[in-house]
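Notes follow once the structure below has been shown.
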Amino acid sequence: MGRCREAAPTRCPWIMRPDDANVAGNVHGGTILKMIEEAGAIISTRHCNSQNGERCVAALARVERTDFLSPMCIGEVAHVSAEITYTSKHSVEVQVNVMSENILTGTKKLTNKATLWYVPLSLKNVDKVLEVPPVVYSRQEQEEEGRKRYEAQKLERMETKWRNGDIVQPVPNPEPNTVSYSQSSLIHLVGPSDCTLHGFVHGGVTMKLMDEVAGIVAARHCKTNIVTASVDAINFHDKIRKGCVITISGRMTFTSNKSMEIEVLVDADPVVDNSQKRYRAASAFFTYVSLSQEGKSLPVPQLVPETEDEKKRFEEGKGRYLQMKAKRQGPAEPQP
């Protein structure tokens, strides 16, 4: 993706502290996702208010698949840069890169690349989506490529919402290595510190909680140090307002020899508003790997699916795993 004129990059540095990391000193994936979202929100809100008209705030609608390319550790500085790469009538695509810097040695490395989609919501009425000021592309092909990405993510968001009706139910006395054994839930009351000035939850706060639950599931399953390897597309189906009680549920769906896929669902219960029922607010698949004390990759205990639904989710997870594995390896060499 090339650079769009009128979209000045946003750059933010953060120093990683002990409360940002796990017991092994690796920065939580959720912490990095939160930084990514904050940078994306800043540049998209700034752009959407760059012309005269009704003021707005950019709300996160979707995060495309994000790979964690290398670990970040306590004491390192995270440099987060964000740039607008496409705008439609009602949405903004933002590309965010994260570099880690060891300030003792000066060594820098790329840790994350992420693509996020935002929509501008009116400050007068957060249920009203405003129009996005257009950007000027340096090449005509950029707009065409961006439009294709926009249509693809729009279709996938709708398909994901349709299939997200089920919930995670607890099972008494589950056996080790089963889905029920490691599944976990976190209940959180949404307070002012979780929200924008306009009363709905920051997307980065939601992603951080989702990663926390996925990490608990992974740790329960393999009982070792675990780190986030990647996050499949995170879809935000509806806004979460201040005062809601949210339930973040995670369950293992698939294991390969050295990775675990965990589905995370976020349900919001507007307890202070009797007119609205509990609803699905967000969903995603997280992939984790198991590490030894020396930071080396370890084999993962194989998941034992029991019910028909678990077996179906396992096969779907296997398909996603094989698809991404083939994509990383690239096209096969033609045989002579």
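Cβ atoms here come from the backbone N, Cα and C positions, even for glycine.
Residues or ranges marked as active site by TrEMBL: Asn22, Asp211. The annotation compositional bias 'Basic and acidic residues' is assigned in TrEMBL to 309-319. Per TrEMBL, domain 'HotDog ACOT-type' is recorded for 6-124, 180-294. Residues or ranges marked as region 'Disordered' by TrEMBL: 304-336.
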Within the predicted model, mean pLDDT of the domain 'HotDog ACOT-type' (180-294): 93
Three-state composition of the domain 'HotDog ACOT-type' (6-124), taking helix and strand from DSSP: 23 helix, 57 strand, 39 coil
Between Asn22 (active site) and Asp211 (active site): CA-CA distance (Å): 12
In the chain carrying Asn22 (active site), residues 6 or more apart in sequence that have Cβ under 8 angstroms from it: His28, Gly215, Asn225, Val227
Other CB atoms, at most 10 A from the CB of Asp211 (active site): 27
Secondary structure tally of the domain 'HotDog ACOT-type' (180-294) (DSSP, helix then strand then coil): 26 helix, 54 strand, 35 coil
DSSP residue counts for the compositional bias 'Basic and acidic residues' (309-319), split into helix, strand and coil: 11 helix, 0 strand, 0 coil
